[in-house]
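*Asks:* After the structure tokens below, expect a handful of questions from me.
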């Protein structure tokens, strides 16, 4: 019998867990309240910080609590173009400016947004990675729904009450710069999680991986595997509908969507 393979050991956690000790906190929008639903609330960008393990910078935005005599600091995903000292307005009656938070139903068609809510009040789930954005396509006032185009290119119909930050997530073009050397990859994944360096299965011994062994590096069996395979065998293309390169032009695929 072979050893417990890497994919099985990952499920147990331990050294494979994400390195969250140095992270700055959850980046999300304000909890929706009366001030945002019926008017707007003003905050100020105090600082723009780096969050280890995240490509996009974060903005520390300070708001006056509308219900208690104190200040609240929120961590927003920074939109490209915002700066320290800038005023940020959140609410239904806020203006359409970079960094402001508005319901998508109040935005004109074609608006570029980021940190978009999937459901009303979930504080931002979509288009959050560096350089990403979603586009408001159309509104349906009767059903109070809005159609948006996501970074993947897929279209999604969401509630018009969902909020979003106006603009593009900062840090765009990050992946255009090549890593070039192993040392940079080492530090990148040291901040994220233990998944580097990744040894190929065909380079292992037969006891360590189903694709290991042989006089030359080859899989030696179909790389597709059924869904209900045991954990030690479930490697490769799991329950693949199709394999191989995608044929056809992108425009045709977009029309199908």
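Every residue gets a Cβ built from N, Cα and C, even glycine.
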*Asks:* Swiss-Prot tags one of 181-206, 207-232 as region 'Disordered' - which one?
*Replies:* 207-232
*Asks:* By the record in Swiss-Prot, which of 145, 250 is the one labelled SUMO2 cross-link?
*Replies:* 250
*Asks:* What does the structure give for the C-alpha distance between residue 216 ((3S)-3-hydroxyhistidine) and residue 149 (SUMO2 cross-link)? Integer Å is fine.
*Replies:* 46
*Asks:* Cα-Cα separation of residue 42 (SUMO2 cross-link) and residue 149 (SUMO2 cross-link), in Å?
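*Replies:* Distance (Cα to Cα, whole Å): 28 Å.
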*Asks:* Using a 10 angstroms cut-off on Cβ to Cβ distances, just flag whichever of 149, 216 is the loneliest among these recorded positions.
*Replies:* 216
*Asks:* Cα distance, residue 149 (SUMO2 cross-link) to residue 234 (SUMO2 cross-link), nearest Å?
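*Replies:* Counting only the Cα atoms, the answer is 34 Å.
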